[in-house]
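Peer 1: Taken from Swiss-Prot, the feature FMN binding site applies to 22, 23, 24, 171, 172, 173, 194, 195, supported by similarity to another entry.
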């Protein structure tokens, strides 16, 4: 089939300018390999994995695909340097970050031939990581799921494109060929999608949860600060409504309880959790209350996206959920998006007088 050659496809060595984001509890080997084999860039989510689990996930992904893929890493995690060493040792093609990695980590990855692609939410952040040597950035507008900002993609994307000279990947509100064509027209090098890939055959999210997503409309997401203290776009559920109307003390008690569960699940020491909290506070403007509340995120997402408990869990989602009504394979999804984008780009060319 025809394809689209962009700065992203040239940089990473993938066939199509389509990225599957590193969603916690969702982006595992099966989904990442499915995306890679379909010609896109799949990214493993390591924030909800122990170091040993990440090792296994990389090995498993390599048995399922020989195509390039990436790993998303928490730059403020205490073991981030060890995880970066693992990526280098395993020749992982892309390292992505939700928070800007330190300049020396970027340099180390680049020296080893790993492509560095942080996610950013403002033009000033894009300029900073570009000056530090980042190869590209992913910029997510407010329509996107999970942690998100207040500015729509249609405004945030051009502001970032005007600020940096490295490839920019657009995220937030993308799901079809029209979106890809529009992003390329803005000057982006491709699109990144989370919710759209969550709703595919290769996604390991329980079918009952997928159908919960498919039943939702454009008005069925909300941006809540009660999940972890930061703006978090999620599906409207009874739990989220309850959290929104609960007092701060109740949220802190729940967060402390979930921190204990996360510690038990990962085998982390309390000293490591505290060290990560200190790093998080140093790298952001979060209060200690927000940092304690951040313990909510892994366990609440796990309850919904892994255990299928939509009553006790949180379901991160972009607004695009209201436009989705199918569960395609990654290949059918990417092939369809690219073919439609090419058709629409060709149609635009016909408008010239």
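Backbone N, Cα and C atoms are what each Cβ position is placed from, and that goes for glycine too.
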Peer 1: Specify the secondary structure state of residue 195 (FMN binding site) as given by DSSP, simplified to three classes.
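Peer 2: DSSP call for residue 195 (FMN binding site): helix.
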Peer 1: Enter the number of other CB atoms within 10 angstroms of the CB of residue 23 (FMN binding site).
Peer 2: 25
Peer 1: Just going by other Cβ atoms within 10 Å, which of the binding-site residues 172, 173, 194 has the emptiest spot?
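Peer 2: Output over binding-site residues 172, 173, 194: least Cβ neighbours within 10 Å is 173.
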Peer 1: What is the number of other Cβ atoms found within 10 Å of the Cβ of residue 195 (FMN binding site)?
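Peer 2: Around the Cβ of residue 195 (FMN binding site), 29 other Cβ atoms lie within 10 Å.
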Peer 1: Within 10 Å of the Cβ of residue 171 (FMN binding site), how many other Cβ atoms can be counted across all chains shown?
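Peer 2: For residue 171 (FMN binding site), the 10 Å Cβ neighbour count is 27.
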